[in-house]
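Undergrad: Have a look at this one.
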Amino acid sequence: MAGAMVSIVGRPNVGKSTLFNKIMGKRISIVEDKPGVTRDRIYGNAEWLDKKFILVDTGGLDPNAEDILFSKVRLQVEAAIDTSDVILFLVDAKEGLMPEDEEIANILRRAKKEVILVCNKVDSFKEMPPTYYDFFSLGLGNPIPISASNGLGIGELLDEVVKRLPQEELEYTEETIKIAVIGKPNVGKSSLVNKILGEERVIVSNIPGTTRDAIDTPFSKDGKNYVLIDTAGIRRKSRISESIERYSVLRALAAIERSDICLLMIDATEGPTEQDTKIAGYAFENGKGIIIVVNKWDAIKKDNNTVNEYTKMVREKLSFISFAPILFISAKTGQRVHRVLETVDKVWEEYNKRITTGLLNNVLNEAILMFPPPADKGKPLKVYYTSQVGIKPPSFVVFVNEPELMHFSYLRFIENTLRQNFGFEGVPIVISTKKRGEN
């Protein structure tokens, strides 16, 4: 299950980031050529024994993680409890058991979550350091010894992780549209969810939510089935202060992973923030449909040009999701909320759209004739043909003579051509290149 989350927690300097990087290897995709996607390395998609999960380094949640006060370590632990299925509690065999370790253990014991105690900086398994045995007193089971820096014991640790991952969640049918409501705290996510569920002809299912914390609300309207994944609705009163925005990214991430379409909610009185950019970047990189929902529009003083000016500002700040439609609503008054599901339906169609190979190549060949690819170091790029290889999101492979000759700016030209001719509003398009004749 791709949506299972595994968080690494522990006091500063126990090796959280080292363990994170060792497990992830080089598989973290940092996309350089997509401006506007700000990425900090706090999470990555991991896989072990055919089981997929998201690995989160809570230390990376705070830029000053090396010298943070314990109150912030506590916040990281609370964030992990709030959003994770399995928690790796990392301790340091070199320093031994510290009071902060006992504090963290106390919090984790109260949480009804799978916790794996991991003892780092054990350089040899032949003879355990005496400090190793002190950690048994934490009451969290036998510590798994590892050395994150040289990889010792990592395989055994991952074996244990996949054993503890939750069973598959409630499966929805392929036709069910999974909608994540994402955005920073206090932007009106719950208000929007409640307004949508209160609309005419909306029938809310009484199927209970899934095993994880985000509340799933299945419902139907006009014969179509939907599920709202409400990140604001991690209903247990979180002890995380809502003002600490960076921790809310974890909630958004859990919902984004499980969704088809994301409603990115922005506070009209603030405009898009760095936090919004980060959350939008996660949705974009995960290939989700995106609708920008500007809430609290009733609080804005308007003239004839307000919508145009605001749209321009949003487009500039979120330029990497320029394909996303923008809705101006008030969840409080209900203004234009009816357009949310209408737009979801349209984006869902685009998300599932297939273009026949013949039509696709007719359009692209004509565009390539008019604007041939530039030669790189004197060697011309030859584009032979293009195939659509997937949906959700629409994915294409361009077959060429030498893939390394394809410049990202020409890929962008191909993407723009696809959008101008076939729409794809609200969805990212994935384009890769292959040498002709390769499988």
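Glycine is treated like the rest: Cβ placed from N, Cα and C.
Pulled these features from Swiss-Prot for this protein:
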type	residues	note
BINDING	10-17, 57-61, 120-123	GTP 1 binding site
BINDING	183-190, 230-234, 295-298	GTP 2 binding site
DOMAIN	4-169	domain 'EngA-type G 1'
DOMAIN	177-352	domain 'EngA-type G 2'
DOMAIN	353-437	domain 'KH-like'
Undergrad: Give me the Cα-Cα distance between Asn13 (GTP 1 binding site) and Gly183 (GTP 2 binding site), rounded to a whole Å.
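TA: Cα-Cα distance, Asn13 (GTP 1 binding site) to Gly183 (GTP 2 binding site): 31 Å.
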Undergrad: Between Trp297 (GTP 2 binding site) and Thr58 (GTP 1 binding site), how far is it from one CA atom to the other, in Å?
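TA: If we compare the Cα positions of Trp297 (GTP 2 binding site) and Thr58 (GTP 1 binding site), the gap is 34 Å.
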Undergrad: If we check Cα distances from Asn186 (GTP 2 binding site), which of the binding-site residues Gly10, Lys16, Thr58 wins as closest?
TA: Thr58
Undergrad: Please report the Cα separation of Thr58 (GTP 1 binding site) and Gly183 (GTP 2 binding site) in Å, rounded to an integer.
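TA: Each residue's Cα considered, Thr58 (GTP 1 binding site) and Gly183 (GTP 2 binding site) end up 19 Å apart.
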Undergrad: Reported in the order helix, strand, coil, what are the DSSP residue counts of the domain 'KH-like' (353-437)?
TA: 32 helix, 22 strand, 31 coil
Undergrad: Can you count the other CB atoms that lie within 10 A of the CB of Gly10 (GTP 1 binding site)?
TA: 24
Undergrad: Compute the average pLDDT of the predicted model within the domain 'EngA-type G 2' (177-352).
TA: 84
Undergrad: How long is the line from the C-alpha of Lys16 (GTP 1 binding site) to the C-alpha of Lys189 (GTP 2 binding site), rounded to the nearest angstrom?
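TA: Each residue's Cα considered, Lys16 (GTP 1 binding site) and Lys189 (GTP 2 binding site) end up 32 Å apart.
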Undergrad: Measure from the CA atom of Gly10 (GTP 1 binding site) to the CA atom of Lys189 (GTP 2 binding site) and give the result in Å, rounded to a whole number.
TA: 31
Undergrad: Can you tell me how many other Cβ atoms are located within 10 Å of the Cβ belonging to Lys189 (GTP 2 binding site)?
TA: 27
Undergrad: Going along the chain, which residues six or more apart from Val122 (GTP 1 binding site) have their CB under 8 A from its CB?
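TA: Non-local contacts for Val122 (GTP 1 binding site): Ala93, Met128, Pro129, Tyr132, Pro145, Ile146, Ser147, Leu152, Gly153.
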Undergrad: Under 8 Å Cβ-Cβ from Gly183 (GTP 2 binding site), six or more apart in the same chain: what's there?
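TA: Listed in sequence order: Lys189, Ala252, Leu263, Leu264, Met265, Ile266, Asp267, Asp276, Ile279.
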Undergrad: Counting all other Cβ atoms within 10 Å across every protein chain shown, which of the binding-site residues Asn13, Thr58, Asn186 scores highest?
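TA: It comes out as Thr58.
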